[in-house]
Structures are given as structure tokens and as C-alpha cells.
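Quick look at what TrEMBL lists:
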ACT_SITE  ASP209  active site, 4-aspartylphosphate intermediate
BINDING   ASP209, LYS210, THR211, GLU332, PHE374, LYS398, ARG427, THR507, GLY508, ASP509, ARG589, LYS595, ASN618, ASP619  ATP binding site
DOMAIN    642-887  domain 'P-type ATPase C-terminal'
TRANSMEM  124-144  transmembrane segment
TRANSMEM  150-169  transmembrane segment
TRANSMEM  676-698  transmembrane segment
TRANSMEM  704-724  transmembrane segment
TRANSMEM  754-774  transmembrane segment
TRANSMEM  780-801  transmembrane segment
TRANSMEM  808-829  transmembrane segment
TRANSMEM  860-878  transmembrane segment
Amino acid sequence: GSCFIRTDQLDGETDWKLKVAVSCTQRLPALGDLFSINAYVYAQKPQLDIHSFEGTFTREDSDPAVHESLSIENTLWASTVVASGTVIGVVIYTGKETRSVMNTSNPKNKVGLLDLELNQLTKALFLALVALSVVMVTLQGFVGPWYRNLFRFLLLFSYIIPISLRVNLDMGKAAYGWMIMKDENIPGTVVRTSTIPEELGRLVYLLTDKTGTLTQNEMIFKRLHLGTVSYGTDTMDEIQSHIINSYSQVNSQNSGNSTSSTPSRKPQSSAPKVRKSVSSRIHEAVKAVALCHNVTPVYESRAGVSGETEYAEVDQDFSDENRTYQASSPDEVALVQWTESVGVTLVNRDLTSVQLKTPGGHILTYYILQIFPFTSEGKRMGIIVRDESSGEITFYMKGADVAMSTIVQYNDWLEEECGNMAREGLRTLVVAKKSLTEEQYQDFENRYNQAKLSIHDRNLKVAAVVESLEREMELLCLTGVEDQLQADVRPTLEMLRNAGIKIWMLTGDKLETATCIAKSSHLVSRTQDIHIFRPVTTRGEAHLELNAFRRKHDCALVISGDSLEVCLKYYEHEFVELACQCPAVVCCRCSPTQKAHIVKLLQHHTGKRTCAIGDGGNDVSMIQAADCGIGIEGKEGKQASLAADFSITQFKHIGRLLMVHGRNSYKRSAALGQFVMHRGLIISTMQAVFSSVFYFASVPLYQGFLMVGYATIYTMFPVFSLVLDQDVKPEMALLYPELYKDLTKGRSLSFKTFLIWVLISIYQGGILMYGALLLFESEFVHVVAISFTALILTELLMVALTIRTWHWLMVVAEFLSLGCYVASLAFLNEYFGDFHVIGSHFLFALFVSADVAFITTMTFLWKVSAITVVSCLPLYIIKYLKRKFSPPNYSKLTS
């Protein structure tokens, strides 16, 4: 259609008629309507400052139809606001077909190992309940309706099943989570899964990401290599002087060309050729780095100035100190910040142009003709730009050395220097360019647009057209960017290694960089041998390499993702067995699905508890697959943090999280769980003795509120106060991480410790019941008050026996429970009434005539005390002798 350009820069003209092709996404209600479009037109006079253009469009059947393909550029992202016009949208991939869902696995319901162990013990208790009931009915002789008596005994002994165990454990887990989040030494920690804090104390394998987890994900430009000369941080001033000189010469040449072209060339020819060569190469390299990226400068409004919301657009001198750079990768920002430091500043960028500011303050404009974004498959990105002043078209490309080595012209230094930089821990990028003529670009654009319109195999056809340009490109430079380690990474990794935790680093970086970071972070000791797994593609090569690896002992393993895939395909069991013997393993070039697969392999082959820690969306699958997932809130967003079970702000916090909170959570839950089981077993033992004495009668020993109060107000506070217990101080646990090794053996809760608690319960229940019958033979009518008082005192003393470090709340809980019981003797006297024997069947009935005077007599007090001492004193003696002759490791340190 025809349109009129509105401009003020044409001499004596206000309208300039121009034939343009406009692609309109809005369907017009009728042909011939007048409308405005905010767009940029590169026309015959690109120097014009075009305000807007408007025109009347008519259908011309002779004109070819304009076809455009839909691509990622047509995507409306979340929270997008359509400023003008209408949008016709097609939703293609939704739900499970979206990329974010396909890249993540379905989260599983994580159950802690301690919960599984307690479930096994509860099953054993259920079998014991059934067996005991059957034995009682058998000894009764199956008299009368024996099946009715069987169910009566099942109900009487039901306290063997610790119903309150789950309640106490869940309350304890909530308390552990609160303690973790309130710990001032690890601020910002969030517990997102409150069911597995004990897992922090049982870990054997820690799988960690590198970038953003061990490192800060803050890139700093460190090295520029041109092939013959290399520049480091101490020689960046030389690059700056070269840039200033080269741009001053370009400016003087341009000003000379406006008057006469010959005078400006003679001073150039008098300069030394080497100097000129190096200076021009630096000039081209810096310009390429400044143009080939996806960074956008952002200008914030001046503080305290109102009404300047459009300051970024109005202020065209680009001298704002508040300029910040936004990009999808911190590597990109580091490169652009480096070009700014040497004099070439990115000041503006939109969809169609890039503007650079030279050291002299001149603005250079480059029009973006095509952009080829970075992909994980291609490992490179490219951009085609047209210089506004000269009209030259240049194709710039940068990427990983693996991808760029076959694209650039032959050279003898790229591979060697990439290896050198990688060994220094630098992330490398190869930068190249290719000049295009107008005819070459037009031919490429036609083929490119045709490929984009293809319905079948569009990606392959587009890639093939782009690859036709990626041939014999001129190698400009090699850049090296450093990702600094996080604070206290080295001592934290050393602490974890001393704790017996094997650390695997899974990263997408190249082998040399990953190896260097593993050494610099002390993940691998500098004196330790490293076996670098050679790249393998076949079964035979994998077999040979595994045999070579098998002959080495106590060495760290470094393997790439491709080689790992081959080994797992043919020799999964052998490889995992060998890798698990290594003190450290580094897997480089790993995909997100590979990371999750490695976690599942370790769980399947070793049966040990695994922990995964990461900071990015590519770590979510690994975090969800692990038994315990930890996310770090980093520069890559909160996706990993929100998907994890625990969220921390720095890697160093994992040391205290495992050594202190993991240890305490596991030890406390183990003690709490076993004590709740003991509490049910002891009263069931007393019931069994009571029924056995009276000819196996299925009559309850305690009724009503006493049974409810026993598991609640009488013993709940002291038992639950075990969540405050600790065997060693936090400082000691951090100073001696070797103590953590004992936790992984699971000795705090096992069938051995369970059987010990069963024997204690049988002993104490028998002593309490037989003692009551023996000492109170003449006053047997008071058996309820006698035995129940001794039972409560025994439970309170057993809690005191179990506690290793006293807390003031523990003392309060002990006296509070004792006070509640003493008060109940007076207020609930109907439950402590007399037993009367009626008839030959020994049926019992309670009466409301409680003898409070008897309870307060000295005889009652000393005999109850004697029963309690007999039930508890031997256990105290055994505990003292065990600590003296076979003390645990932590007691040696505390003493």
C-alpha cells in the first residue's frame, strides 16, 4: 500500500510518499480505512527521524501475498500486555505437553527412612498383639465364647500399637522445621517439606550442581586471546588504549572523507604494520563481543524526579548511571560489561537495532537483520547486522569451542588455548565473523524465509540454511569468563567429606572447566589422582575403559554425559559399583534428565540415602528424584528453591543443616518413637500380668480417664520434651563432622534397640504389677492407685534417664505432669476407687468411695517409692556402667 511518512527533516517537504510492504495482524473492518502503526521503516533515507506514518491501503491482486511463519518470536509470554490492536492466538502445547512440564518429572511423595523403620517396628508390635491375645485365650482353655474373649484381649492390649506415635512424630517434625527456620546461623532457610527432617541426618551421597551452587553465578571477564597475543585483567588498559586509538582514527578518517579522502589515508600508512594489525584485530574483536549477544540495557528513572517515566526514551545521551543490563545468561552480561569497561558501551537495543557508544561519545547504529538464538543443541548464537554509516552487512557468531572449531577457518591455537583457559577454571567462548555482500544476504534471506514457511521438518530446513552461512568464518578472538566460588565452599566440602558423605558434581560445563572447579573447590584433593574417562561410543570401548578404571584405586572419576550414557547402557551395574568406590565423581555435559537418572541409579544400586542440591530449573528433576532435595535461591530464579524440600541461600549453610539439624532431628525422633512404643508396652505388660494373676480374665486394669490421661496430660509433656534433647553441642558437631558417620549406620533406631526397649518394658511392667500385688497384699483393694502412681513415676524417671542434655522446658514438663497427676488424685477420685471381689469368677466393680487418706499415708508413699526404685534403679546402673566402660563417641568429646 501507499503511505505518507511524517517527518521534519526533509527540506521544504512535510510528506514523503513511499511504497512499503506492511504486515498487519489486525483484520481491517473495511478497505480504505485510515489508521496509524507504530513501527520502524528502513527505507531509502534511513537517517530520517520518522515520527509515524499513516496511509490508506487497498487490495492489489497483482501484488504477491506476504507469508510469514510462526516462531518463538510470535509467542505471548505470561503477564504480557497487548498495548494496541487485537491478537489471534492459537494454543498448541498445553498441560503435560509444555516444555517446563516435560523437563520435570512427577514429584513423588517422599517418606523418610526413619518412618519406614518405625512402620516395620509397628508391624512387629501388631503381630505381638495378636500373638499375646491368642496365648491368653489359649491359656484360658477356649472356655465359652472364646472368640469374644479374643477380641476383648485385642482391645485390652491395644496400647501395644502406638497410636499416638504418628501424632508425636508429626509434632516433633514441625518443631524441627521451626528450629531450622529460626536458626540465626543459616538465615533465609525455608523448610518446604516438614515430613523428612530426619533424612538430613542419614545422607550418604550428595549430588550437586556447579554453576550457581558451588559458584556464585557472577561472571567476571578474565581473558581475551587473539591467537598471537593474550590479555588478562592486568593488561586490560592496553586494550582500552587500542580501542581509543582505533575509534579516533576512524572518526578522523570519516571527517577527512567528508572534505578529501586522500589526506586521511597517509597518516595511517605511516603507522607500524604490527601495531596496526593488533589494533584492528582488537577493534574487530571488541565490536563483535559488543554486538553478538541478547543483552538489553535498562534505564531506571532518576530518583526523586517525578513525571519522568519515559526518561529512558527521552534522554538520548545515554549517560545515566542507573543503566543496568538484562540478559538470559550472566555470561552475556559479563561480556557487555567488559566492552563498556574498555570503551565500547551498549546504550540502546530494540527489536530492529543496536546502538553502541564509542570512547569519543559517538553513537554507532547497527540494524539487526537476523538473530539466531542460542540452543543447547547448537551451543552457539549468531546475529546479522547492517552498519548504518557504511551499509556493510556482517554475520557475527559466538559459541562453545566444540561447535565453533569446525566453523572457523583453520588455525593452530584455538584448541590448545581453550584447554589452557579451561584448566584455569574459565568458561570459554569463541567469537567469529563473516562479511556478506548485499546479494549474498538477499539470497540467504530468501532461502531462510522459505525454510521458515515449511510445514514439514521446519527446524531441520532452517538449520540447514543457517549452516550454509557458517562456513570459513574469520576467527576473531577467544574469551574467558570466571565464575567465582561461593563463600566457604572449600571448608564446607571438606566438612562433608570428613562426615563420610560422598559428593558427586553434575554439571553441564565442559570437562576441563568442571575438573578445574572440582580442584579449586577442594572437591577433589590436589594430591589425589583423577581418572578422566575417555570418550566412548561403543560397547567395546566402554569395556576397555572400565577395565582401565578398575585397576586404579582411591581416585576421583571425571566422565562426560555421552560416555556415561554408553556405560549405563551396557555395563550399568559394573559402572555404578566402581563409581561408588570413588571419593568424588564429576559428571560433565549432563542433561537434566541424566542428573535425575544418576540419582535413581544410586538409590537403586546402593540403597543409601541421597541428597541433591541445585539452583536452577535444570536441577528440578534431580532435586525431586533425590530422597532429600535442597534448593538454593540464586540468580537463576526460585524454580529449584520452590521445588525442593529445603531452601537455603548459600551453599555453606548445608554444613550446619546436616551436621547440626540433621543429627538432632534423627536422634530426637529415634528416641521419641521408641519411648512412645515403650509407654504402650509397659502398660500392656501390666494388663497382661493382671489378667494372668486372675485366671486370664479379660477385665481392664484401668478404665475411663486414666487410660486417656496416661497417654496425654500425665506423660505427654515429658515425652514430647525429648525433641529438645541433644547429645552434643552444635559447635562440637561442626568441629568433629566424623560423628555424622555413626548416624548413617542407623544405630539409634534398629531392631536391636527396639528389642532392648521391649525387654525394659516387660521388666518394668512386671515389677510394677507384681510389686503392687506383693507389697499391698493386705490392702489389695487400692491396687489401681498403687500401680498407676508407680507407673507414672516410672515414666517420668525413664524420661529423665533418656535425656542427655537438660533444657529448662524439660524440667517444667516433668513437674507439670507430676502436678497434673497429683491434682487428679483429688479431683478424679472415682477412678481411683476400691476393687471388690464378687463371686468365684473374680468380677470387679469400681465404687466411688476413694480412700484419699490412705493415699497420703507414709506406708503408701514409701512402698510406691520402693516399687519405682526397683523398676528404675537397675537401668540407671546399667546406663552408668555402659557409659563408663563403653562410652559412645560423642560422650568422649563432651567429657
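A Cβ is built for glycine as well, from the same backbone N, Cα and C atoms used for every other residue.
What TrEMBL says about a protein is an automatic prediction, not a curated fact.
For the binding-site residues ARG427, ARG589, counting C-beta atoms within 10 A of each C-beta gives the highest total at ARG427. Restricting the average to the domain 'P-type ATPase C-terminal' (642-887) gives a pLDDT of 83. The stretches the transmembrane segment (860-878) and the transmembrane segment (780-801) are in mutual contact, each linked to the other by at least three Cβ pairs under 8 Å (pairs 6 or more apart in sequence). Of the ranges 124-144, 676-698, 780-801, 808-829, the one with the most Cβ pairs under 8 Å to the transmembrane segment (754-774) is 676-698. Of all the Cβ atoms in the protein chains shown, 25 others lie within 10 Å of the Cβ of THR211 (ATP binding site). Each of the binding-site residues GLY508, ASN618 was scored by the number of other CB atoms within 10 A of its CB, and the lowest score belongs to GLY508. For the binding-site residues PHE374, ARG427, GLY508, ARG589, a Cα-Cα cutoff of 10 angstroms around the residue listed as 'active site, 4-aspartylphosphate intermediate' retains GLY508.
PHE374 (ATP binding site) is surrounded by 19 other CB atoms, counting those within 10 A of its CB over all protein chains shown. Largest Cα-Cα distance over the residues recorded as binding ATP, namely ASP209, LYS210, THR211, GLU332, PHE374, LYS398, ARG427, THR507, GLY508, ASP509, ARG589, LYS595, ASN618, ASP619, equals 27 Å. When other Cβ atoms within 10 Å of the Cβ of the residue listed as 'active site, 4-aspartylphosphate intermediate' are tallied across all protein chains shown, the result is 28.
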